[in-house]
Amino acid sequence: MEKVFRCPGRHGYAVEVSPFIPHRVACAASQHYGIAGCGALLVLDETESGVAVVQSWQWADGLFDVTWSEANEHVVVAGGGDGSLQLWDTANRGAPLRVAKEHTQEVYSVDWSQTRGENLVVSGSWDQTAKVWDPSLSHSLTTLRGHEGVIYSTVWSPHIPGCFASASGDGTLRIWDVKSAACRLAVPAHRAEILSCDWCKYDQNIVATGSVDCSVCVWDLRNVKQPISTLLGHAYAVRRVKFSPFSEATLASCSYDFTVRFWDYRRNRPLETVEHHSEFVCGFDFNLHNPGVCVCEEHETIHWFSGCSFEGRTAVTATFALLSGSVTSLKPQAL
Amino acid sequence: MHRLKILAGHLSPPGAAAGGTRDVGAAECGSAGGSGPQDVVVVHGRRTAIGKAKRGAFKDTTPDELLSAVMTAVLTDVGLSPDKLGDVCVGNVLQPGAGALMARVAHFLSVESMSLRAIGEPGDLSSRVTEVDKARDCIIPMGITSENIAERFGVSREKQDAFALSSQQKAARAQTSGRFQREIVPVAVRHADGGAEREVLVAEDDGIRAGTTLAGLSKLRPAFKPDGSTTAGNSSQVSDGAAAVLLGRRAAAEALGLPVLGVLRASAVVGVPPDLMGIGPAFAIPAALQQAGLTVADMDVFEINEAFPSQAVYCVEKLGIPLEKVNPNGGAIALGHPLGCTGARQVVTLLNELRRRGRRAYGVVSMCIGTGMGAAAVFEYPGGA
């Protein structure tokens with residue numbers, strides 16, 4: 001079943017499913033593809049019949065990423081084109097609880113950590129620095145320098161406390177340790193810009209990168225001389241990569257080529273390509289609560305798909321009819 | 001600009017990429033500025049049908065009736081009371097005292113009755129006119145200027161006939177598919193035929209000849225010069241009609257709660273040799289585009305007046321305008337050319353066509369002007385919300 005939400009005049013940049021409320025997502029959006037104009041932060045609930053807007057806020061500049069608090073179901077942090085991070089409360093339709101303005105250029109990535117009781121936020125900016133914050137966003141705890149290009153993505157390791165990965169326009173994937181405020185590892189992963197990275201949920205050594213060179217590469221941090229898998233198929237730059245929370249070997253990527261693709265990186269092959277989008281797909285997320293729900297986002301539209309299932313060895317042939325309101329059917333097939 | 005550069009870098013990175021086609025890149029395009037309260041906006045426009053002079057729908061109708069019909073329609077449509085109008089400007093060519101110049105940006109209403117006034121009566125002119133070449137050229141009959149262009153620039157009879165045929169076909173299609181319904185104001189007129197008078201409601205252009213063929217056009221004799229290429233069939237028709245366009249500053253329109261149909265982005269008037277007056281658009285259009293910071297490629301539609309096929313073809317080819325952008329609903333050859341009315345008529349037709357297409361778009365209105373001028377304006381249709 002596919003549900004669609006349209007936000008006219010806003011290009012979605014990032015979407016994240018709430019860790020507490022299974023049918024709730026937060027979405028960061030910008031006017032004019034994020035090039036100029038203002039931004040919006042939307043909190044949406046998927047209902048039986050469609051989609052309900054829980055809260056929506058406007059921001060004077062584009063918003064490029066959003067992350068839910070792991071401690072409080074009402075709290076969400078967004079990163080904006082004006083270099084700010086904002087702390088929002090879904091119960092409060094007014095101004096954000098807090099605005100932190102330290103980055104000197106666009107904040108393209110925000111992530112809330114979820115390991116072992118630590119509560120930290122990491123932000124990645126086009127000013128080439130990453131900053132770590134406590135949940136009140138009062139001021140940054142550390143600033144991490146080292147990248148020689150804009151930072152597109154900063155993601156906490158789900159396994160190792162105080163450790164995050166970053167993807168940059170300088171073509172490197174870097175692993176950072178917050179305690180020592182240092183870069184532990186710099187991998188020259190691509191010759192072109194790297195727009196996204198993510199950690200495998202099942203293996204703490206595995207990280208994926210998505211690049212402007214149209215490839216998705218999967219790395220074992222114990223041996224970074226070459227990737228353990230190179231996944232080719234996207235026709236344009238890869239905008240975001242995410243590992244599946246359900247299946248060890250599965251990850252998904254979205255691209256400027258209007259598709260979302262699913263891959264089995266162990267067997268180095270594509271699983272499924274969702275081709276029916278009509279615009280750049282910038283963001284998507286897996287739903288932890290409901291196995292197989294992917295939330296895709298693109299120009300003015302957010303789609304929910306239910307029933308993607310890549311458990312185990314099942315390959316899925318999906319017939320998605322992506323006209324709004326239509327029903328999709330998925331038939332898992334054994335290999 | 002920085003963000004634009006970064007995003008553009010994602011789509012066309014330096015060096016080759018593994019897999020994928022590289023047919024995407026950034027293309028320069030203009031935007032002619034955003035929207036401000038000082039913008040000159042077109043609130044609304046209507047026109048009467050165009051009737052053939054002397055024999056057509058408005059043969060017995062005085063220009064003030066036509067004027068009154070369109071003026072009233074425009075004001076009624078937008079619910080504006082006449083006392084709110086600041087300036088009323090009427091364009092006319094052949095009325096006594098009207099002169100042969102066209103009003104410019106403050107061009108509100110345009111009307112012509114070529115049934116009641118003839119071209120051959122220029123009125124009072126200094127006897128010194130004949131002594132100065134360019135001044136003398138101002139009273140060259142228009143058809144001769146068309147022949148001059150055809151000869152000087154090598155526009156063949158075949159090309160001219162083909163252009164005329166296209167105008168007729170486009171206009172016929174537009175008429176039968178009802179495209180003009182929104183812009184035409186029906187006018188009730190009286191026809192005096194013999195002793196009897198009858199009342200007729202005129203709502204359709206009567207000059208369009210849907211059955212035109214190349215073969216038929218090629219048989220016609222030149223109308224202005226024995227060995228010429230301009231004929232009655234491939235030239236604009238002598239016609240009656242009126243059109244009205246309501247303009248204002250955006251701030252004024254908003255204050256009065258009026259809609260915005262279009263935005264005037266640029267306008268230009270240029271001088272050209274009077275004996276080649278038809279080349280006017282070839283110089284006026286680039287001037288207007290430059291003023292707007294836009295290019296031919298940015299325009300969706302060009303309304304270029306088809307005074308004569310020689311000059312229309314010349315201008316289109318000189319500027320490299322794709323033919324499918326030119327007068328998509330036909331032009332003066334098929335619709336007729338009520339002289340002082342045409343400019344406003346083109347604006348009405350242009351904006352209605354852009355509105356029909358639905359998207360934000362730019363268009364050009366342009367014409368040549370007898371005595372040696374060209375005028376052009378760039379309009380923007382703002383599109384939906």
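Glycine too: its Cβ is placed from the backbone N, Cα and C atoms.
What TrEMBL records for this protein:
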- A:100-143: repeat 'WD' (REPEAT)
- A:144-186: repeat 'WD' (REPEAT)
- A:187-229: repeat 'WD' (REPEAT)
- A:231-273: repeat 'WD' (REPEAT)
Other parts of the chain folded back onto the repeat 'WD' (A:100-143), taken as Cβ under 8 Å at six or more residues beyond its ends: 19, 64-71, 75, 77-87, 149-162, 164, 166, 168, 176, 178, 181
Residues in the repeat 'WD' (A:231-273) grouped by DSSP into helix, strand and remaining coil: 0 helix, 23 strand, 20 coil
For the repeat 'WD' (A:144-186), the number of residues DSSP places in helix, strand and coil: 0 helix, 23 strand, 20 coil
